[in-house]
Structure formats: structure tokens, C-alpha cells
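Quick look at what Swiss-Prot lists:
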- 2-184: region 'Interaction with MAP3K2' (REGION)
- 2-267: region 'Interaction with NBN' (REGION)
- Thr86: phosphothreonine (MOD_RES)
- Ser128: phosphoserine (MOD_RES)
- 139-267: domain 'CRIM' (DOMAIN)
- Ser186: phosphoserine (MOD_RES)
- 279-353: region 'SIN1-type RBD' (REGION)
- Ser315: phosphoserine (MOD_RES)
- Ser356: phosphoserine (MOD_RES)
- 382-487: domain 'SIN1-type PH' (DOMAIN)
- Thr398: phosphothreonine (MOD_RES)
- 468-522: region 'Interaction with ATF2' (REGION)
- Ser510: phosphoserine (MOD_RES)
Amino acid sequence: MGFLDNPTIILAHIRQSHVTSDDTGMCEVVLIDHDVDLEKIHPPSMPGDSGSEIQGSNGETQGYVYAQSVDITSSWDFGIRRRSNTAQRLERLRKERQNQIKCKNIQWKERNSKQSAQELKSLFEKKSLKEKPPNSGKQSILSVRLEQCPLQLNNPFNEYSKFDGKGHVGTTATKKIDVYLPLHSSQDRLLPMTVVTMASARVQDLIGLICWQYTSEGREPKLNDNVSAYCLHIAEDDGEVDTDFPPLDSNEPIHKFGFSTLALVEKYSSPGLTSKESLFVRINAAHGFSLIQVDNTKVTMKEILLKAVKRRKGSQKISGPQYRLEKQRQPNVAVDLESTLESQSAWEFCLVRENSSRADGVFEEDSQIDIATVQDMLSSHHYKSFKVSMIHRLRFTTELQLGISGDKVEIDPVTSQKASTKFWIKQKPISIDSDLLCACDLAEEKSPSHAIFKLTYLSNHDYKHLYFESDAATVNEIVLKVNYILESRASTARADYFAQKQRKLNRRTSFSFQKEKKSGQQ
């Protein structure tokens with residue numbers, strides 16, 4: 001241990017010791033502010049004055065040279081140590097080594113042995129450019145694929161394939177829908193067909209895409225070439241079609257509807273379509289007749305009898321007297337219920353109660369009906385839509401679409417972009433079953449361009465009346481069509497409505513008769 005009292009030696013020793021050991025540079029900052037050597041060479045002119053500059057003989061300001069280590073510099077980057085030459089050399093060697101790995105050195109050697117012309121010719125052999133005869137025995141993969149998929153070329157719905165979204169999932173907005181096909185065979189109709197469509201497609205485009213995929217997969221039976229022959233209905237998860245709601249509007253975009261399960265249903269009333277042939281059997285009974293619709297002529301007469309009795313009694317339980325069927329031209333001869341309709345060679349029968357006969361007055365109606373009237377009655381069960389306006393008591397009329405078929409009457413409001421529903425109540429769609437219809441009467445006919453009719457139906461044990469207006473021709477067609485449907489369906493609601501109406505009429509007649517009697521006695 002040595003004791004030193006010379007600040008110059010101590011300062012130099014500390015500077016040299018901290019050149020390689022002080023990474024922070026704080027010692028340099030502390031020691032550079034108090035330089036002993038500089039104070040000895042240039043003592044301050046006044047006490048407490050430690051000037052850092054002196055005036056030269058020529059009057060110029062000269063900077064002092066600090067007596068410090070060469071590694072210590074007075075600059076703003078005093079805390080950063082520069083890399084040594086050794087580190088830079090090692091870094092350069094490392095980069096050269098990496099570059100050598102990427103490069104491959106090939107040593108060029110002169111060819112000593114001379115090769116013959118034959119050997120040189122074999123190295124670069126000349127190829128023959130003659131056209132080869134086509135090999136008819138082997139087909140290309142494209143030809144094989146085209147033969148395996150002939151329906152792709154003859155698919156009448158190819159124009160709708162552009163709405164297929166299977167190749168755009170993740171890049172464009174698409175919608176995945178499970179479509180049930182009630183028109184399919186009994187085994188495959190239980191399984192839905194998954195369709196991925198573009199979100200910008202309309203309902204009509206989606207129907208075309210379904211038909212295109214259906215045809216491409218080779219499903220049976222074949223579809224109609226006209227897309228307008230089909231419509232989309234809301235369906236349950238098990239494939240059951242929800243008939244309480246009307247079909248989706250074909251002009252609306254598909255992203256407007258949030259249904260993930262739909263059903264493709266064929267509509268038979270579109271113009272220009274080959275509709276399925278409807279078979280009707282006429283059952284004459286006391287005070288009227290009924291038209292029973294059948295699918296084919298293979299149906300048994302027992303099924304026709306059950307339908308006729310059920311329609312005659314309505315929603316009541318089939319109990320009480322038993323009935324039998326007789327041919328219209330063969331009275332008192334019962335029809336074999338186990339036989340088919342095809343074996344009977346007749347389309348008109350009589351419903352007769354057991355232990356009775358037509359001679360007893362059970363059936364006395366044998367009127368002839370005009371052929372045109374029968375055709376109108378048969379066509380009345382086909383679906384047809386009309387544009388009418390509903391009349392309200394406390395608000396303006398509402399434009400809607402009235403769809404009439406043999407099973408139900410659908411009332412769908414027509415949404416208009418100009419009409420604002422901000423201050424008015426929006427009309428809800430209504431679906432009325434044909435068994436709940438009671439009457440359809442012409443209320444008023446002012447001119448050929450304006451007429452009003454009233455539709456009466458049963459709702460929650462109460463009779464409701466709806467009033468519609470349109471031109472006279474449309475109103476008369478609607479009234480005639482609905483009345484034909486009501487005549488062919490002997491519903492309980494209609495019978496109860498007329499019975500209640502008759503009771504009210506009798507009470508009014510009795511009240512007026514008693515009033516006249518009292519006035520006559522006075």
C-alpha cells in the first residue's frame with residue numbers, strides 16, 4: 001500500500017484504470033470537469049475564476065489541450081465506446097466466411113484428350129421435328145372429364161352458376177343455406193342440399209343456383225327449365241315446409257332474410273308452365289256435391305270415401321251413420337271399397353247413407369252442370385295472385401298481394417319505397433285456411449274501375465270481415481274464384497256462419513212482426 005498526496009499522479013492513475021473497466025463513462029464525466037494539470041499550467045487570474053480559454057499573443061482564442069488519456073475525448077458521445085480494430089477485423093472475417101459458404105469454386109482444367117466427331121455428335125443429338133400421327137387409342141384427361149359430366153354442358157341453369165359462393169368463402173360475403181327438396185324422391189327428400197350463394201344474389205338468383213346445383217349433381221326427377229316455376233318457402237330444421245308464411249319475394253336480396261333453412265317448392269299457377277294434372281272426383285250428396293282431389297288413379301275407393309265423409313262433416317269426429325259410395329249411373333249398387341279408381345271407369349259417385357237408397361229421397365239432385373262451369377271450378381283450386389288494396393277504418397288503404405288457392409288465402413303487403421311507414425301502422429301478412437273461410441261477397445261496384453268486396457273468415461271463435469277494393473273485373477274474378485272454392489269444401493265454419501246469420505235474420509223478422517202486431521191492436 002502506498003500513500004500518495006500528489007493529485008496529478010492519482011488523477012492519471014484513475015483515468016488509465018477506468019479506460020477499459022468503466023462501461024458507463026461516469027468516471028470520465030467526473031474527472032474531466034476537474035483537470036489538475038490544466039490548472040497548474042494556466043492558473044486563474046482571479047480567485048474562483050477557472051477559465052477554460054486563454055488569449056494568445058496574436059489576440060486569438062486558443063483551446064487548451066487536455067492532459068488526459070488518448071481514449072478519453074471531450075465530446076457529446078463520451079458515453080459510447082468505439083469498436084476496436086480487432087472486433088472490426090473479426091466481423092469482416094465472419095462475413096467473408098459466410099460468403100464463401102454461398103459460393104462454389106470450380107477449377108477449370110484444359111481438355112487434354114481430343115474427342116472424335118462421332119462422340120461430339122452423340123452429346124447433342126439432333127431431334128426429328130416430323131409430326132407424329134395422333135394416337136386415337138388414348139384420350140386426354142379433359143376429354144374423359146367432359147364425357148363423365150355431360151350434364152355440365154347441357155345444364156339449362158348455367159347462367160346462375162356465377163352466384164355460386166363456394167370459391168369465394170373468406171374473400172367475399174357469402175351465405176350458406178340448407179335447401180330441402182319436397183319434389184325429390186321419398187328417401188332423399190329428408191336430407192337437405194347445402195348451397196353457398198353470394199350475399200348479393202336475389203331470391204330468384206338463388207332459385208336458379210339451386211336448380212343448377214341440383215342438375216349438376218344428376219338428381220332425379222328432372223326440373224323444369226323455367227326458374228319461375230319454383231319458389232322458396234321457410235322450412236323447419238326437419239324439412240317441414242312452413243305454409244303459414246308466404247314464399248320469399250323473388251326480387252328481394254337474399255341477405256335480407258336470416259333463414260338458414262329453406263325449401264324449394266313448385267308452384268303450379270305460373271303462366272306458361274306445364275302444371276301437374278289435377279284429378280278430381282265428384283261426390284254427389286244430399287243438398288250439394290264435393291270435389292275430391294286425388295294424386296293418381298291408383299287410389300282406393302276407401303280413401304275417397306273417407307275424404308268425402310270428412311269433408312261433409314268438417315272438423316267434427318267421424319261418427320254416427322255410416323256411408324257407402326255408388327256410381328252415379330248405377331243406383332243402389334255399392335262400390336267395392338278395396339278396388340281402385342282406375343277399375344271403376346267413372347269419375348262421378350254418390351254418397352249414400354247405409355240402410356238407405358236414393359229412392360228414399362236421400363239423394364234427389366241430378367242436375368247437369370255446364371262444362372265451362374266445371375272447368376272454372378277445377379281451375380279455382382290453382383294458385384293465383386291479385387293486386388288489391390285493403391280498406392281500413394282509421395287509416396289509408398294498403399296495397400297488398402292477395403294469393404288464392406284451394407288450401408288457403410294469403411294476404412301479403414306490398415312494400416313501396418315511396419311509402420313511409422314511420423307514422424302509419426305496418427300491415428302484417430295474413431294467412432287464412434280455406435276451412436276457416438265463411439263468405440266472399442261483392443259489397444259495392446261504382447264503376448268498371450272501382451269495386452269493393454268483403455271477405456269473411458273465422459278467427460279465435462269470432463267472425464272477422466276484411467274489405468278490399470280493385471277494378472270491377474278483378475273483384476268479380478276473385479269473388480267467383482273464392483265462392484267456387486267454398487262450394488267444393490263443406491267446412492263447418494261456413495255452415496255455422498250461415499246458421500248464425502239465419503238466426504239473426506229470424507230474430508229481426510220476429511221482432512218486426514211483433515211490432516206491427518202491437519201497432520195494429522192499438
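Using N, Cα and C of the backbone, Cβ positions are placed for all residues, glycine too.
Feature map: Swiss-Prot annotations on the structure.
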{"residue": "Thr86", "record": "phosphothreonine", "CB count, 10 Å": "8"}
{"residue": "Ser128", "record": "phosphoserine", "CB count, 10 Å": "7"}
{"residue": "Ser356", "record": "phosphoserine", "CB count, 10 Å": "15"}
{"residue": "Thr398", "record": "phosphothreonine", "CB count, 10 Å": "19"}
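Put simply, Thr398 (phosphothreonine) is 84 Å from Ser128 (phosphoserine) when counted between their Cα atoms. Under DSSP, Thr398 (phosphothreonine) is assigned to a strand (E or B) in the three-state scheme. Each residue of the region 'SIN1-type RBD' (279-353) gets a DSSP state, and the totals for helix, strand and coil are 17 helix, 28 strand, 30 coil. Applying DSSP to the domain 'CRIM' (139-267) sorts its residues as follows: 44 helix, 31 strand, 54 coil.
The separation of Thr398 (phosphothreonine) from Ser356 (phosphoserine), Cα to Cα, is 54 Å. Across the domain 'SIN1-type PH' (382-487), DSSP classifies residues as 19 helix, 55 strand, 32 coil. With respect to their backbone Cα atoms, Thr398 (phosphothreonine) and Thr86 (phosphothreonine) stand 94 Å from each other.
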